[in-house]
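Participant: Here you go, one structure.
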Amino acid sequence: MVPPSLYKSSVPLKLVSFLKLTCSDGGLSFDSLPTMTRQDSAAPAGSLSVQGPSNPGYNTNPVPVPVITQTDTRDKWSKKMDFLLSVIGFAVDLGNVWRFPYICYQNGGGAFLIPYIVMAIFGGVPLFYMELALGQFHRTGAISIWKHICPIFKGIGYAICVISLYVSFYYNTIIAWALFYFYSSFASVLPWTNCDNAWNTENCTNYFLKDNVTWNNYSRSPAEEFYTRNVLEIHKSDGLSNVGGVRWQLMLCLFLIFTIVYFSLWKGVKTSGKVVWVTATLPYVVLFILLIRGATLPGAWKGVVFYLQPKWEKLFETSVWVDAAAQIFFSLGPGFGVLLALSSYNPFTNNCYRDAIVTSLVNCLTSFMSGFVIFTMLGYMAEKRNVNVEDVARDKGPSLLFITYPEAIANMTGSTFFAIIFFVMMITLGLDSTFGGLEAIITAVMDEYPEYLAHRRELFVLGLVVVCFLGSLSTLTNGGAYVVKLLEEFGVGSSIIAVGFLEAIAVSWFYGITRFSNDIKSMLGYYPGLFWKVCWVAISPAFLAYIIVSSLLKPAPLQLFDYKYPDWSITVGYIIGASSFMWIPIYMVYKLVWTPGSLKQVRPLMQRFSTVEVYIHLSQIHLNSVFHNS
């Protein structure tokens with residue numbers, strides 16, 4: 001029933017009835033909810049109180065606003081550690097192992113840690129904290145959350161879902177490559193150890209256990225030819241214009257990966273929260289084992305020195321700061337909607353501030369430790385090749401994990417064991433990020449359309465996994481690695497940074513830093529400090545704008561192995577990037593065009609009003625229009 005206090009307000013009964021229908025669609029209900037007036041000075045925990053400027057469209061009399069309380073029907077984490085491990089598992093992914101070490105030594109070694117830490121403190125961690133707090137307070141996914149924050153920015157939620165789909169199209173293929181390697185590792189002699197295989201060419205050069213081996217620009221290691229000619233079979237493709245057929249072996253590996261993903265996600269956080277106890281902790285055990293083994297290899301110290309030796313002059317190069325900003329953003333992962341989704345299953349009073357600090361520290365320290373794991377091996381390879389470490393450390397991206405590191409492992413004592421645990425680590429690192437990415441889509445869509453999907457999660461997750469599998473087929477072809485590179489650069493790239501920028505602007509400037517601070521106060525019992533407020537309002541948006549402008553002004557040429565991407569493929573890449581971001585302006589136009597009334601009347605769509613107040617205002621416009629037409 002409608003609270004009696006509403007009958008005493010200036011809102012007509014017909015409006016109250018209309019509101020009851022309208023607000024229930026957004027997850028709000030006037031039934032059995034405590035009320036408060038707009039004149040109340042304090043907002044109770046979980047409330048949507050009015051703190052914006054007065055609106056001439058309202059009667060000046062107090063209007064009771066319902067207090068939003070947590071529902072018992074929403075899933076919750078069984079344990080606090082389930083949530084922490086899920087967040088850590090998402091944030092610590094394959095990029096921590098392959099991207100950070102390469103970016104670090106390329107940008108000044110130990111000197112790079114200065115811009116990296118600065119960008120983490122003023123950019124990455126504040127955005128990470130913001131998303132955890134938003135998800136925990138509003139308890140909803142990346143689409144429907146904008147009903148509570150700033151409705152006109154709802155397109156951000158749709159853009160996030162499209163970007164997450166693109167990520168699933170290529171990221172799981174990389175995990176499938178790791179599964180192929182894992183299967184191939186069960187051999188007394190690893191298949192990428194020598195040049196005696198059917199896929200090897202005359203350029204294959206095995207310098208391990210041999211003296212006086214000449215290494216030139218045409219030489220190819222057994223590990224490189226195993227990756228390019230046996231796993232990918234990229235030599236059968238002419239590039240993006242002719243990617244060739246689907247590799248059935250990789251398709252089978254991808255099918256197994258998605259099967260694991262489905263049965264980990266189909267029941268919600270109750271199941272995924274248990275799986276991450278294995279997938280999020282096992283990589284640290286393996287990293288620790290590989291670190292100890294690497295430190296005992298000859299030449300390991302050369303790699304460590306090369307990794308950390310500071311080049312202070314690099315600090316004066318703009319590109320170094322851009323790389324540091326991009327690395328911390330993609331490492332922590334704000335803007336992907338994952339943190340919103342995972343934190344939405346937390347108790348309302350959970351200490352999300354402490355969670356943000358702890359998980360950010362774990363992420364950054366993992367990246368730093370991964371550098372030692374990688375560069376001890378690179379130093380060992382340089383010692384064996386009798387070359388400088390920089391001549392060995394030219395590979396970046398997946399090549400570092402699928403060529404350089406396996407090559408070092410293949411020539412160690414106990415190579416089979418180390419190969420198996422290394423690729424198990426890669427698979428688990430990848431799975432954790434996949435869990436988070438798909439959960440962002442699942443939570444966002446199910447919270448937006450609960451009337452259709454509330455009791456059909458298993459079917460919806462199955463449909464989503466099938467779509468992701470079908471969308472990944474182009475990456476399983478002979479030229480699939482070219483497609484992976486294209487999606488990685490343009491499907492995510494600047495699009496997700498622009499989404500993160502708009503999200504920070506919408507929360508800090510439109511929703512309002514005062515309202516957001518009050519939300520945190522209602523959860524934690526204290527307001528965020530001045531440092532966080534300044535970062536949210538100014539520094540973090542500037543941090544993201546800096547990355548966007550730099551990437552657009554100086555786009556790096558796209559190349560994979562010896563293949564240079566043609567101009568038409570770059571155009572296709574920009575179209576892919578625009579296909580996700582375009583939903584933001586499209587939804588803005590849709591909302592402004594289809595909402596009744598003038599632009600002045602619909603300004604609650606763009607101002608810092610509470611969700612209920614927006615509903616009341618739009619409903620008044622609607623009823624006025626109905627009464628006028630009648």
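Backbone N, Cα and C define each Cβ position, glycine as well.
Copied straight from TrEMBL:
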REGION    43-64  region 'Disordered'
COMPBIAS  48-62  compositional bias 'Polar residues'
TRANSMEM  83-101  transmembrane segment
BINDING   Gly89, Ala91, Val92, Asn96, Ser331, Asn363, Leu429, Asp432, Ser433  Na(+) binding site
TRANSMEM  113-134  transmembrane segment
TRANSMEM  155-183  transmembrane segment
DISULFID  Cys195-Cys204  disulfide bond
TRANSMEM  246-265  transmembrane segment
TRANSMEM  277-301  transmembrane segment
TRANSMEM  321-345  transmembrane segment
TRANSMEM  357-382  transmembrane segment
TRANSMEM  417-438  transmembrane segment
TRANSMEM  459-484  transmembrane segment
TRANSMEM  490-512  transmembrane segment
TRANSMEM  524-548  transmembrane segment
TRANSMEM  568-590  transmembrane segment
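Describe each of these features in terms of where it is and what it packs against.
Facilitator: Cβ atoms under 8 Å from those of the transmembrane segment (83-101) belong to residues 77, 132, 174, 269, 272-273, 276-277, 279-281, 283, 307, 327, 330-333, 338-339, 342-343, 345-346, 350, 355, 358-360, 362-363, 366-368, 370-371, 373-375, 396-398, 400-401, 426, 429-430, 432-433, 435-437 of the same chain, restricted to positions at least 6 beyond its ends.
Val92 (Na(+) binding site) has a Cβ environment of 28 other Cβ atoms inside 10 Å.
For the transmembrane segment (113-134), the list of distant contacts is 87, 104, 107, 145, 149, 315, 320-321, 324-325, 327-329, 331-335, 339-340, 343, 352-353, 355-357, 359-360, 364, 368, 500, 503-504, 507, 516, 519-520, 523, 532, 535-536, 539-540, 543-544: same-chain residues at least six beyond its ends, Cβ to Cβ under 8 Å.
Within the same chain, residues 94, 141-146, 231-232, 249-250, 253-254, 256-258, 261, 335-337, 398, 401-402, 406, 419-420, 423-424, 426-427, 430-431, 433-434, 437-438, 440-441, 444-445, 448, 467-468, 471-472, 474-476, 480, 483-484, 487-488, 491-492, 495-496, 499, 502-503, 506, 576, 579-588 sit at least 6 positions outside the transmembrane segment (155-183) and bring their C-beta atoms closer than 8 Å to a C-beta of that stretch.
The Cβ of Cys204 (disulfide bond) lies under 8 Å from the Cβ of Cys195, Arg220, Ser221, Pro222, Glu225, each on the same chain and at least six residues away in sequence.
Counting residues 6+ beyond its ends, the transmembrane segment (246-265) has Cβ neighbours under 8 Å at 172-173, 175-177, 179-180, 183, 231-233, 271-272, 275, 427, 431, 434-435, 438-439, 442, 461-462, 465, 468-469, 472-473, 476-478, 480 in the same chain.
Within the chain carrying the transmembrane segment (277-301), a Cβ under 8 angstroms from the stretch's Cβ atoms is held by residues 81-82, 85-86, 88-89, 92, 366, 369-370, 372-373, 376-377, 379-384, 412, 418, 421-422, 424-425, 428-429, 431-432, 435, all 6 or more beyond its ends.
Nonlocal intrachain contacts for the transmembrane segment (490-512), taken as residues 6+ away from its ends with a CB within less than 8 angstroms of a stretch CB, comprise 51-52, 127, 130-131, 134, 146, 149-150, 153, 156, 159-160, 163, 166-167, 169-170, 326, 329, 334-336, 536-537, 540-541, 544-545, 547-548, 551-552, 573-574, 576-578, 580-581, 584, 606-608.
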Participant: Out of 321-345, 357-382, 459-484, 524-548, 568-590, which stretch has the largest tally of CB pairs under 8 angstroms to the transmembrane segment (417-438)?
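Facilitator: The stretch with the most close Cβ contacts to the transmembrane segment (417-438) is 321-345.
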Participant: Give the sequence-ordered set of same-chain residues, not counting Gly89, Ala91, Val92, Asn96, Ser331, Asn363, Leu429, Asp432, Ser433, with Cβ within 8 Å of the centre of the Cβ atoms defining the Na(+) site.
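Facilitator: Not counting the recorded site residues, we get Ile88, Phe90, Asp93, Gly95, Gly333, Thr366.
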Participant: Other than its close neighbours in sequence, what residues sit by the transmembrane segment (357-382), given a CB gap under 8 Å and a spacing of at least six beyond its ends?
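Facilitator: Same-chain contacts beyond the flanks: 84, 87-88, 91-92, 96-98, 100-101, 104-105, 113, 116-117, 120, 124-125, 128-129, 284, 287, 290-291, 294-295, 297-304, 306-307, 328, 331-332, 388-389, 391-393, 400, 404-405, 407-409.
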Participant: Just name the winner among Cys195, Leu429 (the recorded positions) by count of other CB atoms within 10 A of its CB.
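Facilitator: Output for this query is Leu429.
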Participant: Residues of the same chain, at least six outside the transmembrane segment (321-345), with any C-beta under 8 angstroms of its C-beta?
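Facilitator: For the transmembrane segment (321-345), the sequence-distant neighbours (Cβ-Cβ under 8 Å, at least 6 residues beyond its ends) are 74-77, 83, 86-87, 90-91, 95-96, 99-100, 103, 106-107, 112, 115-116, 118-120, 123-125, 127-128, 130-136, 138-142, 145, 157, 160-161, 163-164, 167, 269, 352, 355, 360, 363-364, 367, 436-437, 439-444, 447, 496-497, 499-500, 503, 543-544, 546-547, 550-551.
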